[in-house]
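Q: Pasting the feature list from Swiss-Prot:
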- 115: active site (ACT_SITE)
- 138, 140, 209: Zn(2+) binding site (BINDING)
């Protein structure tokens, strides 16, 4: 069967096209990695046929033998649909965790995204929390990026602002938003910082840069970032209209959490409200 007909390739094509349409992945900005199961690739590829090996600059032993489809370095999301094999690659992490075995794509000696260290470290962190985690997505969601210039970069305060902008936010990301300091992209340092935040939050903000999101499937991750971005957009409108005059109270957020069976990140809502609702 043609690899281009594989459901996971089609998902990557549709998602990158949509992200480019939204303006969140200008030029070659943004990247996606998708953890694949061997049974998913077997109808389309022979895993013993390695096209070439690509060295890595960090130890990925914890992902040894695992398969991924990833976006390429310097590749434009707008081109993925028409030239998938040039802009995407299916890889396996070698048994020693020091190199990648290319099984398909990344033609003309292309290499995976320069953010692969951050992706792989985030996969490792999230798999330790949720063994079903499969997607890591990075993009430059416009309003979240803008908020990193104008809003206090305290995780609790930032998260609460988003929760209060749209009722669905607490339901979609009760674990809040992690925030790292500004760091040089494409380095192991930013990967380590991101992965540390991923232990507790599925969303991590890179100030003055973009957002990282993780989840079990493409819809979940895209929806996660999309929801936070919508809240950031509403925040932008609210500020432009003169600021907040009324919002969702902590008491109402507790009621919301109870109704949808989610647990807000500890300490992010007024504890006295939590106790009152238990009486």
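Using the three backbone atoms N, Cα and C, a Cβ is placed for every residue, glycine included.
Keep in mind that what you see is a predicted model, and the values were worked out from it rather than measured.
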Q: On the three-state reduction of DSSP, what should I expect for residue 115 (active site)?
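A: In the DSSP reduction, residue 115 (active site) maps to coil.
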Q: Write out the long-range same-chain contacts of residue 209 (Zn(2+) binding site), meaning residues 6 or more apart in sequence whose Cβ is under 8 Å from its Cβ.
A: 140, 145, 148, 182, 185
Q: Using a 10 Å cut-off on CB atoms, tell me which of the binding-site residues 138, 140 is the least crowded.
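A: Lowest Cβ count within 10 Å among the binding-site residues (138, 140) is 140.
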Q: Calculate the distance in Å between the alpha carbons (Cα) of residue 138 (Zn(2+) binding site) and residue 115 (active site), and round it to a whole number.
A: 9
Q: Identify all same-chain residues not among 138, 140, 209 whose C-beta atom falls within 8 angstroms of the centroid of the Zn(2+) site's C-beta atoms; report them in sequence order.
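A: So the extra residues in range turn out to be 29, 30, 139, 141, 145, 185, 206, 210, 211, 212.
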